[in-house]
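Take a look at the structure set out below.
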Amino acid sequence: MRYRGREVGGEGRVNLVMESTLTARDRMGVQDFVLLENYTSEAAFIENLRRRFGENLIYTYIGSVLVSVNPNKDLEIYSKVHMERYRGVSFYEISPHIFAVSDNTYRAMRTERRDQCILISGESGAGKTEASKKILQYYATTCPVTDHMSTLRDRLLQSNPVLEAFGNAKTLRNDNSSRFGKYMDVQFDFRGASIGGHILNYLLEKSRVVHQNHGERNFHIFYQLLEGGKQDLLSKLGLERNAQKYQYLVKGCCPRVSSINDKNDWKTVRKALTIIGLREDEVEDLWNIIASVLHLGNTQFGEGENGENQITTEPQLKYLSKLLGVDGAALREALTHKKLTAKGEEMISPLSFEQAVAARDALAKAVYGRTFTWLVVKINQSLAFKDEVYNSSKGSSSVIGLLDIYGFEVFQHNSFEQFCINYCNEKLQQLFIELTLKSEQEEYKAEGITWEPVKYFDNKNICDLVEEKHKGFISILDEECLRPGEPSDISFLKKLEDTLGGHAHFVTHKLANGKTRKAVGREEFRLIHYAGEVNYTVNGFLDKNNDLLYRNLKEVICQSDNQVLSQCFHREEVTDQKRPETAATQFKNSLAKLIEILMSKEPSYVRCIKPNDAKQSGRFDEALVRHQVKYLGLMENLRVRRAGFAYRRCYEAFLQRYKSLCPGTWPNWEGRLADGVTTLVQHLGYKPEEYKLGKTKIFIRYPKTLFSTEDALEARRPALVLTLQTSWRGYRERAKYHRIRQAVLVIQSAWRGMKSRQRTRRRRHAVDIIRKFIKGFIYRHYERCPENEYFLDHQRFSFLMTLASEHLCMLCMQNMMWAYCRRIQPEWKKQMEQKVLASQIFKHQKDSYPQSVPKLFVASRLNSEEFKVIPTLGNDKVKYGVTVTKYDRRGYKARPRQLLLTSSFAMLVSEAKLKQRIDYAALRSISVSSLSDGFMVLHVASEDNKQKSDVVLQCDHVIEVVTKLATMADKKNKVNMSQDSITFAVARGKEGVIDFTSGPELKVAKGKKGHLLVTAPKLNP
């Protein structure tokens, strides 16, 4: 077998495996608590949670269990991009996330064809509801969808706002606390598409309808109706847009919450009710029931004329009869009297004020509780899969269950609800430990590793204490509720002491020792749960367990015209003489069914933790977190998971990650995976007691062994990166070369083909022409015919072209020149003549010539006013003037002068005074250098007594001046170009020298030998 690691790609380019951040563990903590070195330390556990929470890493694993810390803020980790990142990726291949658990469960369901479930637990405010929402969103986004499934998906998602409105409320710990337990099954077909769903609800906190603690609210739907309902609807229901007007809404003194927008939530709920399929008449009946609960709360009782108890709020009674669809008189009678049956005879007995209030509250709780159950049934009907043939086929669908259940609760005053909630957690903890140990044992057995027994807290004794037949807590509670006489909460507590007094996990004030007795009240009992000790107040246990309506109240409601109530209260209940099950028994039975459901599925776990009670982001309350870690049993879970080996991974994943650390396994391993892992761990120096090899997995006992391996990998990474970069660049360049080479070959082939075809056509054409020419030559003396017409035409054409072409070209050129000359202006003609002369003199001779070409020569560089002040000009007119610098014969002193050119002589003038006159006849030649300087020397005849010596001048326009001077003096051939030096006459028999050199800038100085040194920049090298 040739093993190669799978290619890594996707949206994040490289999917980091779970261990990739182990090197950052000092800052970020470990991503799996199993890798904690001191795994028995609760402080180390909480510190790891704190580090990750501080880095906004809210998810951590305990093996396959996900621990989630509520960030109390929005994190950008739930987008569709993140969903795709986790889709189809192995559980440990990427950082912990709720999507990883969702995807792992989904893939296990599809591959193993076994039902799955995800158990979400934690106390109120820990984020359980949000976690279940994210899981549903993940399935709704990533699963295959058809038109029918799209409708189902919408109903599945819209069931959440409906259930939250009717089942959630603001508590001291959470603004959107679920006050019921929820188990939802999502059904998938063989393609993995969701095709149906079903919801089970547990233990709705009905007591909240009639009473709320300070700082808490009733269920959201009441406030949403008052804030968001239209005025016409409220008027029809007899309601006012003010929550302070209703007794059931003011007891918590918290009608408004800043984080809740009841008006917007009302719109969401109205839309959701339509999507899940409720008819308008059903929705109308639903609002009637919600309004009737508010009117029941405002129904007051007082003493009548004859001393009997009666209803004092008639308007409320009228609205109640209308909204509930019952007879007003019958309702009045049922709220103020009770019907007793003794020896087959019925008697009507008036209710005391306290009994009437209790009956009113019981009716409100019963109506709301059953309406909530009806709503869940309607949601289930909308989610149910309708294809009976498809649904009946075995193995056609699988299920993923979501359990969003309340976590362990400990308040200052704990009552019947907390007892049921904590009993539920005891059962789930027992299931959790059993399934965890079972899965560990099965994995060890499957891999051939010896199982090491684990000591753990077995809470079976506590579960038996609560649910054992005849001797358990619930049996005693039911027995006390059913016994004749007048049972009370105190008599129930006494019976508990008599029956359970010797149990190690049950304590009362009477049974406690001196130290414990101070912490347990006389009306309290203490249960020692797996998560700690909890004191329960016995007051209200019997009433909440009975949870019964008086028979006459039930008879009235069973006659209701309200369609929803008629489905909630069946008339058979009135005739049925059998006493209904108590609330505790119902809860125990439903919990047993839930455990049975969970046992039939493969479980996954999400443990939610609330970081602080203030709902602040970034705040980590260590005491509160420690409390939850204890109540969630996370340390117990970690101990079970760490039993024996801290880390296990399949051979393929282990070899893929660490193969680069061993020359024998890098880059690819040839052979069995187990042999490759053996070679790798031997090279790494693992000791025999540090690891075990199973059939398909390696088990590592100590985290430090894994950490040292991870550190070695981190040290190896730079070399790996360099190797990969080198290989990639080589591959990329080779691929580029092959592409270019192939393109070149194609182009060359196409070019050669085209050239060959052109050459063939030319040769064929040439052959035809030669053949015609030869045949024409043969028939040249014949009359014109097809055989010789080409020859004759060619001869005539060749003669004309040879004879006339040159002559015609010459005539055309002359004609163009004459036409140009006729159009040219005199000034431009003169300019062109001067430029041509300058080209003949200076082109390729002087460095500054190329810069002068684009500049036009001017008529004069001086204005005419400067010419008039010179009296010696006579009849001659100045044709050109320019400013120059004259250098003296001795000392080479620079003197500013004006050079004026006339038609017969040149002269140097200073301040309108003639300094020197040079007749053109006496001018022998003109010398200039080849550099970019502006020096020129006018050589005059030595026989002329009027001239003292040659004249040395410097001018910025030397090319223009020399050109004009040579033209006027007719010395075009007397301009000399010197390379290094110019010799000139200083006096008769004496000579001076100007030396020219190249330099960075123009400089003029006197040398040691009496020479004039000129340094000029070389512009045209």
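All positions are counted from 1 along the displayed chain.
Backbone N, Cα and C atoms are what each Cβ position is placed from, and that goes for glycine too.
Automatic prediction, not curation, is the source of TrEMBL annotations.
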> Of the ranges 39-61, 591-613, 706-728, which one does TrEMBL list as region 'Actin-binding'?
Replying inline: 591-613
> What is the Cβ neighbour count of G122 (ATP binding site) at a 10 Å cut-off, with all protein chains included?
Replying inline: 26
>> Out of S124, T129, which of these binding-site residues shows the lowest number of other CB atoms within 10 Å of its CB?
In response: S124
>> Suppose the ATP site is G122, E123, S124, G125, A126, G127, K128, T129. Which further residues of the same chain have a Cβ inside 8 angstroms of that site's Cβ centroid?
In response: N70, N174, S177, S178, G407, C608, K610
> If you run through the region 'Actin-binding' (591-613) with DSSP, how many residues end up as helix, strand and coil?
Replying inline: 9 helix, 8 strand, 6 coil
> Looking only at Cβ atoms, how many others are within 10 Å of the one on G125 (ATP binding site)?
Replying inline: 24
>> For a quick check of packing: other C-beta atoms within 10 Å of the C-beta of G127 (ATP binding site), how many?
In response: 24
